[in-house]
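Participant: Before I ask anything, let me first share the structure, which is written out below as structure tokens.
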Amino acid sequence: MLSQAILLWLFGSIHISSQFFLESPSNLSTIAGESITFRCSAEKSPEPIVYSQWKSNTGSLLGYHQEGILPGHQGRFSYIKQNAEELHLKITHVNLDDDGEYECQMLHPEEGPIRAKSFLNIIVPPQLVYFSNYQPNSIIAVKENTPLNITCVVPNVKPEPEVLWYMDGKVMSRDVKQASTPHLNKTFTVYTSLVVQSDRNDHGKVITCEAFQKETDIRITTNTTLDVLFPPSDPTVEILRNPSALRSGDNVTIACSVTGGNPPPDVFWYHENKRLQSHSTLDTRSKEIKNIYSFIASQNDNMAEYECRANNSRTGNPKRKAMKLEVNYPPASVELFGESNIRYGSSANIQCKSLPSNPASQITWIINGRSVPTPTQREFVVENGIVSSSNVSVHSNELSVEAHQINVECMATNPEGSSAKQHVIKIIAPPKAPIITGLEDRKFFEGDIVNVTCEAQGGNPLAELSWYRGSEKHLVKGRKKMKWSQVKKKLVMSLLCLCEVVIMNFFRFSKNVFYFFRFTLFIECGVNGAHNEVAGFSSYSTLALRVDRTMNTQRLKCEATNAALDEPLIESQYLSVYYPPRRVLIRPADSGDQRLLVGKSARLVCGTLSSNPAAHISWQFSRATDDNKVHLGDVSLNETTRDNGFNVENVLSFTPTEEYDGTVVHCIANHPEWKHSVNTSFPLNVMYPPKMLVNDPVTVVMSEGDSFKENLTVRGNPAISLWQWRKNGVPFDHTIGRVFARGAVLSGKQLLSTDAGVYTLTATNSVGSTNITIKLAVEYSARITSISTPVIAATGDTVLLECEADGEPSKANMIHWYKNGEILAAQHRGHKKAILRLNATEQQSGEYTCKADNGIGVPAEGQTFLLVNSAPRVLPVARYAKTAGILGGVAKARCKVYAVPTVEFVWEKDEQLIKKNSSKYSIVNTQIDYSTYESTLWIKNIVPDDYTKKVKCIARNSFGTDHLSIPIIPPTHPDEPFNLTMTNSTLNTISVAWEPRFDGGSDQIFEVKYRRQNDDLIHLVNTTHTNLRLSGLATANTYFFQIRSINARGFASSWTSPVIFATLNEDGVNVAMIRNEKLKLTTWIPYILIFIVLFMLLNVVICCFVCNRTKKRKLREKTEMARTAINGGDVRQVQMYGTMMGNDGMSRRDIDDRPEMSEDEHSVRTMIEVSPNGYMQPIEPMLYESTGLLEYDYQTRSYMGSSQGTRSMTYANVPYPEPPQPSYHSNWNSLQRQSNNNTSPQHHLSTFINPNMGVRAGPINYAQLDGDLV
């Protein structure tokens, strides 16, 4: 620490002295990213320099180090040192952070501390030049003579470069300004602006900004192009190929030229301020744009103005140049005005006017083919030309008139052409008086068509004929042309005629007002249908007239007129028309009250409007009881109408009843002179109070839970305005309980007993009201309302069990007591209570059921118990008979007991009391019902010794004791279920149930197998329950069912015997019962045949057996004789040892010459296995899970014995002589071990010991021990 402090003090007192440096560090400049080396060395000295180091640009000392990379600075700083007098600093990949002053410091032995400074300048060359507001190489649009300010930016450079401006390669120094902005990293951003005042000559020139850095000699540039906008020149217009004068029909071409403009201008022709369809062309050399438009000159182009417009975005308002055309054309036509008809001796003024022309037209006149001097002519200038006009007067008495007319012709002419037109003036004269034909018969029926002709002779022009009818003038239109004054007159007449029709309809009941209008309005109405024609010098008008009632007693008039008459010539005839009324009306006589009330006298009026002659009126009611009876009524009115017809009214009086409501009354108007009668109908609307269509009261009986809807059908007129419902006298609105009232409909949904009652409906209308009553009775099944609680009694006590029930209807003896399904005699108190009197005995103890049935729904049931004190009794439960568990596992033993009162359980093993809840045992007691109890013993950590002992369940109470011994066995197969029964069947389902047995020591499932009769397809279904419902079965089919149990260890019981169940047929009958009746006889036939065959075979077997036994007896006697002779008269003894399990079905002991079996043959506890060494050893198969014993090598032998062979025999492989071969071989392969999930019975094993031959296994037959000795 002290040496470091001294070193710092020495270096702190360093003074600058370059005379002692052999190589002093120099200033350096370099581009960022390159490497530099500061060199520093001192002069040689006898004593080496003790210390040397560098100080960085940040003022920090880099430290005393040997040659190599210095710590920090990203490994870019390093010392270079060849000897003690030098220390060079190398920096790689320099950056702006390295810019600054560096100092070399040394400690000289003679001079002391010395130092030398140098500077490192980092150069950043320009990388980018850009315009601040424009993209590089872009085009800048600027208006002519408008200043443009452009700024050029050079970012992040060091040192600042020189920025130059160029326009098309020429340096621009005027209006240039430059500024810079320093940054924290010691770089600069340089800004240079240029102001340009451009004109159209600068268009398209390139402006360049260049940045030049002298230190690096780097130049970078960016460019932009000027787009100078300026307007075009004024347009010039001309007519190409200009003729001396334009004429209508000439092809005219006009051109408009414009020079310059940026952007190029749009040049178009306009006429009447509408742009014309034309196109422009551009001359690239002269920059001239020309638009040419061609068209055919017409008279409309005379003095027309065509305008050329040039415009671009710089122009603002377009520049315009217009030209007017002068076109010569003839008059298209002339127009003549003046009178067409004059009387002889009068004069007419005619005016002739030409249509526009250029130049003006000259008018000339020709009358009846001769030219006349032209009067003074006038001229008018119009839009496209000049109109000429002239007047002339024509006197009929001064001219020669032919065919009653004068021909006047006018002609207009100019240098381009002429036009003429004629005018005819007629000389008029009056015709003769007209004549009417076709109305000789003056009586007609309405609707008839009458052809009438009017003729007028002579006249010029010929007469115009018109038809009129009535006191008013009804015009029948002709076909000749009418003047405007006549047209207006006709229109007014038509409008007034329409008014007449409206008034007639509106005032048909107000005669005085109608006649007022009749006599104050005089109307002429046109009627279509007249046909006019001319034949020779006469006019004819034919009218096809459809006669109607308005023509009755009216005059039909024909008028002849022409221009020569001031008043028309008239001829007329009168018409008489028969017609019925258009309609007949029925109305109540009292217009103030339109209602008809029941029992009140009523009057109806039937009226006919305008008939000729007067109508005869009769009445009819459309009721079945009237039989179309005709009523005449009373005539109350018979008057004349404006059409000279008759109005008739008839009154019918009657008293209406309810049956009249809706009845239609017919009024019939007829007359012998009419072609048909006219009638009308009137429905009677008879008002009466509401009336029920059902008998009162209405009784509705429903079952609880049902729904009903009762429509009471109330009739009344007018409609019922108020419905009021009450239940048991209490009003309610729409809903009460589950009953709903809507108008006359009373309905209920899922009724309850509380909905029963008397419902009253009051229906009211404006005439009166009525009531009706509905008695709603809700039937419900009987319900147990009270039942005695379970009773515990001693033997001999008298016990009363009471049961009360309610139901609708309540019936006598609807309550009964049952026990085990049998009815018991009881005392009844009324309909709702039954009392059962019992003498308490053990036989009477148990569950008692009270059933209440009133015939509605499902009978109600209630249970109670009579519990008679009794000693415990263990109930036989098949699945509790034994228990099983694996070594080290858990077994569960259960017993179920009946006892009254409460029972106490005790478990024992080997007469030793089992303690509760120890590590070996745990006990759980459960009460199932009032008299049934169950105790469960859990046995844990099973050992082989547990298999040799039983556990005992002891149940006791104050009245006695009972017990059950339960063996513990290894896991085995489950026992097959029993009592497989069908609980229900439908058309396509069968429900079955069964009872399980012992489960083999693990959880069991049940596998149900079924198949349809005459079908080989077998179905298997697994379930953990003791019942099953199968669906999707065929209707009316028989099925075979079997069931077995499979436990969790894979052991399975055998299948139960097949049981037949069946689905129902369409009638709901079980087909299995029907088929069993039919198959009873056919089922027994195969059994009878089998019995006969077996009986015959048995006789044959007995005969063979007797013969064979006789033969063997003789052979045995012969053998014994031989042995006696060889052995000195003694028979060799044979001793028997071992164990056999009896199987009556598989073996049978011989009757003769067999020694008696020892007691070991009856033991079922021990089996003897013969080892390969000949030793016998006991086997405990229950300790293992294997399903069989170890089998040694053996040879199959068959020994002759009884008729039955021995099953599954095993021989030990020992080196002893084999017994002799039998005289015959059995077909049984008795040595094949069968596997049936450990369900086959235990194999037989017998062991016999011969002193000379060793141990032999199998049944003995003395005849085979040594072979045949004879």
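Even glycines carry a Cβ here, placed using N, Cα and C.
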Participant: By the record in Swiss-Prot, which of N251, N451, N771 is the one labelled N-linked glycosylation site?
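Facilitator: Out of N251, N451, N771, Swiss-Prot attaches the N-linked glycosylation site annotation to N251.
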Participant: Pick from N185, N711, N984: which does Swiss-Prot describe as N-linked glycosylation site?
Facilitator: N185
Participant: If Swiss-Prot marks one of N391, N839, N1108 as N-linked glycosylation site, which residue does it mark?
Facilitator: N391
Participant: Can you look up which of C256, C410 is joined to C352 by a disulfide in Swiss-Prot?
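Facilitator: According to the record, the bonded cysteine is C410.
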Participant: Give the mean pLDDT for the domain 'Ig-like 4' (331-426) on the 0 to 100 scale.
Facilitator: 85
Participant: Counting Cβ pairs under 8 Å to the domain 'Ig-like 2' (126-221), which of 20-120, 235-324, 331-426 comes out on top?
Facilitator: 20-120
Participant: Cα-Cα separation of N251 (N-linked glycosylation site) and N149 (N-linked glycosylation site), in Å?
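Facilitator: Answer for this pair: 55 Å between alpha carbons.
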Participant: Tell me, how many other CB atoms lie within 10 A of the CB of N223 (N-linked glycosylation site), whichever protein chain they belong to?
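Facilitator: Here the count is 14.
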Participant: Over the span of the domain 'Ig-like 4' (331-426), count residues by DSSP class, listing helix, strand and coil in order.
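Facilitator: Result for the domain 'Ig-like 4' (331-426), in helix, strand, coil order: 3 helix, 62 strand, 31 coil.
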Participant: Nearest to N391 (N-linked glycosylation site) by Cα distance: which of the glycosylation sites N149, N185, N223 is it?
Facilitator: N149
Participant: Just to be sure I understand the packing, how many Cβ atoms besides its own are within 10 Å of the Cβ of N391 (N-linked glycosylation site)?
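Facilitator: Excluding its own Cβ, the number within 10 Å is 17.
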Participant: Which entry in the list of glycosylation sites, N27, N185, N251, N311, has its Cβ near the fewest other Cβ atoms, using 10 Å as the limit?
Facilitator: N251
Participant: Calculate the distance in Å between the alpha carbons (Cα) of N223 (N-linked glycosylation site) and N149 (N-linked glycosylation site), and round it to a whole number.
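Facilitator: On Cα coordinates alone, these residues lie 15 Å apart.
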Participant: Where N27 (N-linked glycosylation site) and N311 (N-linked glycosylation site) are concerned, what is their Cα separation in Å, rounded?
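Facilitator: Counting only the Cα atoms, the answer is 68 Å.
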Participant: Express the distance between the Cα positions of N149 (N-linked glycosylation site) and N311 (N-linked glycosylation site) as a whole number of Å.
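Facilitator: So the Cα of N311 (N-linked glycosylation site) lies 28 Å away from that of N149 (N-linked glycosylation site).
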